[in-house]
C-alpha cells in the first residue's frame, strides 16, 4: 500500500494473481488499469508475449485479459504485466490432471491463489524453447536455457539472449539478465550487429535499448527492442557485458521472414538450409545457424529479393569502421582492429592513408556537449548545447531513454542555448546522455564521483579454533557505503555465500564465517574509496588444555574418594574408566560436570575400589589417569594400657611430602590407637631456628646413617573451627585446611600421648600455585612483519617448575588480545611473525606450570613493524672532475611505514671489497658531491636508504667511474632577453646571469668597451656553471657594451651585452608665444638639452589662468615643438608651461612663459532674434479614462484617470450626477495631470456611476465608470 498522503504509483486498479491450473485446462489472468487507453504488455520470463495459438490477448476499456490455452508443464513459470512504469508479477503453477478424462466443453476458470509473497522470477525450463515456425506478429527471444545453451557458472549472464524470428514489419525483443549481487557498479552492456557495428549509435525509432534493475532479485535486465523489422536486419548479433574485472559475451541470430505468397514461400524454402540435429546451434563469428538462407544459390537472383532501401541500410556496417580508424590516433589501430575482428590491417591502413580526412560540420549544433562531465555526489550539473536554429525542438536521452521533466531534471531554454540541469546527483545519474535535434544527436558521459568513505573503526585481529564462528566488524563514515572484503588481496564475492556472509547495519559492516577452517586463516581487509582496514585471522587446530589433572589418592575404608580435573573447554564431555572399562554411575559412584570441572566421587570406599581411574575427553586424543590406593588401618590387638600408635602405611621417620594446589582443601586423616585414648597434638614448624642434628623419633629404631635435619620452633594447632582446624575422634585425628595458601606450606608434626607412651610422625605439606606474572617483555629486531620478543622468568614459579610460556599481542588502539601460540614456548624469547607493517602493536606473556597459567605480564612498550626500504632508483653520475664525482638518485619505491631517515653513500676502488663511507652520518638530499678522490682511479659507488628498521639494499653504479676531468668545449648559453638592449633606470640594480658549459672549469673575463672593468660599483661573481654581473645601483656612466669571454686553454667563447641606463629628461628650452588671435595662442620651444639617454616620447603642455593659477593639461605625448592652444576665454590672462617626457617619466621641471598672455576682446553688437508668438491653448481631453471597478466594503478604494489641457482645466467629480466636492468621505487629488478620487471605507450605498469632468476656456471633457461594492461573505 502506498504511504498515507501520497499518490499511489501503481497504474493498476486490479492486479492479476498467481494461480494453480490443471494440465490441459486454460488459464485466465485479468488486470484493470486506472484509465483507458494505457498500453499494456504481457511478459513471460522477461520476454513479451504476442497473440498466437497458445496465448490470447484481449483489451476492453480498462480491462485486459491474458488467456493461456491448453496449459502444460512447459507453461509453468513466472509471468508479468507492464503498464507504464508499473510492473506486476504473478506465477502460473501447473498441477497434474486427474486420471479420469475430463468432460468435453470449456473448463471453468481456476480460482486465483494468492502467493504468500512477491513471487520470484524463476528461469524458464528448457522445454519452453519451441522450434516451430515463426509467429505472424514476431516472437520474442526464446527461453534463457535451451538444450544447446547450458548455464555457465563463471560468466556474468543469468540469462543470455537467444535466437529469434520475426516477420517483416513485426517487433521483437532480445533480453539479457546479469547478476548484480556481487557488482559494486552497474555493468556496461553493448549490443553489436555482425562483428563491429555498435547498435547504440543506431538507436532511434525502430531500434531501442532499455535497461532496468530489480532490487528484489538483484538482477540487471538489458533489452534490445526492434520494431518494424526489415529484411536487412537479419543476421548475427552479439551482446557484450563488462565490469571492472570481468567480461562475458554471447552471440545470437535474428531471422526475418518476408510476408509473401505460397509460391514464393516454396521458392525460398527450397534454398533454406536444414536445421542441425537436435536443434542445437553453432556460436561463431560467421553465425551460420539453422533457418538461414543459402545465399550462394540465390546470388544470381539477388536483384529480385533486394531493394535499394536494403542496400542503403547495409552500407553503414563498413563505413563505421573507416570512421573509427580515421578519427583514431595511430597508436590505437591495433586495438581497434582486434576489437572489430579486422585481419587485413595493413591493407586497410594503406587504403586509409590515401583517404582525405574531412571533418563533418554539424548543421543542428553550433556548440555540442563536451565528451565527458564529472560531478560530485549530491551536487548539481548543467549540460548545455547551443543550437543553430533557436526554434528547434530538443530531446534529452539517458542511456537511450527519453528524460521527462521532474524535480531533479530541469530543462531550460535561453535563445539558442538548451540546458539540462540535474540536481542532487546520485550514482543512478552516472550514465550516457544524448541531446537529439531532429535526426542529429550529440553525446556525452556523466561520471558521478562519490566522496571518499573513511574507516572510523578498524578491524581487529582474531584467533579462533577450528569450527568456531568468526565475525569481523568495521565501521565507516557513510551509511550504506559500498565496500569490498578481501582475503590476502583477493576480493570475496557473494558467489561464495556458502562460506562467507556479508551484513550491513547502518555504518557497520560485518563479515561472518560460520565455521572456520584452517584454510580461512590469513589477512582480511575491508576496502572503501577512502582507505582500507586490515586484520589477521589465525585459525588453530582444536586442542584441549588441562588446567588441573587428577591425582593419586590414598583413602581408608568407608571414606570418600574424589577425583577432580579441570580442562580448558567447558563444553567438553568425557568418560570415566576404571582399569580401562567404562565406569557406570550408581548410588555410591557419582559423576558430575560443572563448567570446566569434571568430578568422580566414590562414597564408602572398599578394597574393591582400588584401581587405575582415567578420564577420557570426547573428541580429543588425551587420557588423564590416577590411582586409588586403599589404606588398610592396621589395628593390632593390644592389651589394656597399650601405648599410642599412629597407623600409616609409610610412616617413615623422615617427613613425607603431601602436595596440595593453592585454593584447594587439604585434609590429613591420621588413624590412631591406644588405651587409654591418647591425646593428639598437631604442631607446625616455624622457619626461624638453627640447624642442629635431628635425633630419631621416640619409638623409631636408631639409624646410624641418618643425616642432620633442621630443627624449628613449633606452633601448636588446636583450633576446632575456622580455616585451619583439628578434629579428633577415638580412632583418628583429622587436620583440615580450607583453601590452602602459601603460608600453609611446611612441616607438620603429629604427636599422640597417653600414660603408657607416645608416638610422633612428621608430615611435609607443600602448597603449589600458578607462577607469578613475568615482567614486561622487551621487543628487539623489529622487521617488516616480525620482531623478537624476550622476557625473564617469573620471580616465583608457584612451587612447580615452569613448563613454558604463552605469548599474546594486540593492536595499540584495540582491546582484544590475540594468542600467538598454543604449544608452550620453552625458551625465553620468540620471533613473532605475520604482523602488518605500519600498525602499532603491544605484547604480553604468561608463565605456565603444572598447576595452571599465571596472570598476564604488563604490556610491552608499543612498537611498529617496519621493513627496511628498497634500493634507491635511477642512480646516475651527474658530473666528474679530477678529484670529485657528483651523484644523483631518486627515492626508493618502498620507504616503509615510518618514512626515510636519510641516505648513506659509499665508494670503493675497482677490484677492492672495502667500502669507504663518503660522509659521516646520513644525508636527506638525493644528490651528493663526493670529494677528495684520487685522480685517475676507477671507483664504484653505492647508495643505501635508511629508516627505523635499518639500511636497505644498496643501489650500485653499473660500471666503474674514472675520476678524471672530461674536456668540454666552452660555450656561453646567453638567455634570449639578454640578446637585446638591456634597459635599466638610474638607481635600479643590475643582475645579469649567464649560464655556460665547459670542463675543466673555464676562465671568465668581463670587459667594457674593450677595457677591463674598474671600480667597486660593478661586481663579478663566477660559479662552475654560470657568471653574474651585478651593479647595486645603476648610474648613467654604467651604460655601454660589455663583453664576456669564456676561455679553456686555447678554446674560447664570447658574448656581447648592451646595457642602457636611462633617466628623466631635462625641461625644454626657450619657450615663446608666437601669436595670439581670437581664442587661440601659438607656442614654440626647443628640445631639452638632455634626453635621459633614451628617446623622447613627447611633450606635455599645460595652461593656468592668472586669477586661479590652477594648471590644466592641454596636450599629452605631443611630438612637435610647436602647438596651438585653443578654447581660451576672452579677456583672461594665461600662463603656459611644457614638460618633456621619455620612458622613465616627465621631466622634474617645466619650461614656463615668463609673462601672462592676454586674450583681447573684440567689439560685437548683438541683435536678438525675433520669434512668432505661438498659441498652446488646448481643450481638455482624457488620455486615460476611468475603468469600472468592483471593490470590497470597508476597504478604501481609488479611481484614477489622466487628463491634459491648456490652460489647466478645472476638475469636478460626480456620483450619479451629484457633485462630490463637499462630501468629506471623498478625497480628490491632482498631480501632473493624474486625477485620483479616494473613497473612504465604501459601503453598498456607495455603488453607482462616477464621473470626472474637466473644464477650461477651450471646452470641457467628461469620463464615467461603474463602481460595484461587494460585501465579504
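Numbering starts at 1 and runs along the chain as displayed.
Cβ from N, Cα, C; glycine included.
TrEMBL: automatically predicted annotations, no manual curation.
Residues 100-157 are the range that TrEMBL records as region 'Disordered', among 42-99, 100-157.
Scored by C-beta pairs under 8 angstroms, the domain 'Fibronectin type-III' (773-869) has its highest count with 451-545, from the stretches 360-437, 451-545, 970-1042, 1067-1162, 1180-1268.
Predicted-model confidence for the domain 'Fibronectin type-III' (1067-1162) is 92, expressed as mean pLDDT. Mapped onto DSSP helix, strand and coil, the domain 'Ig-like' (153-255) counts 7 helix, 56 strand, 40 coil. Each residue of the domain 'Ig-like' (970-1042) gets a DSSP state, and the totals for helix, strand and coil are 6 helix, 39 strand, 28 coil. The DSSP breakdown of the domain 'Ig-like' (451-545), given as helix, strand and coil counts, is 6 helix, 49 strand, 40 coil. DSSP labels the residues of the domain 'Ig-like' (1180-1268) in these numbers: 3 helix, 58 strand, 28 coil.
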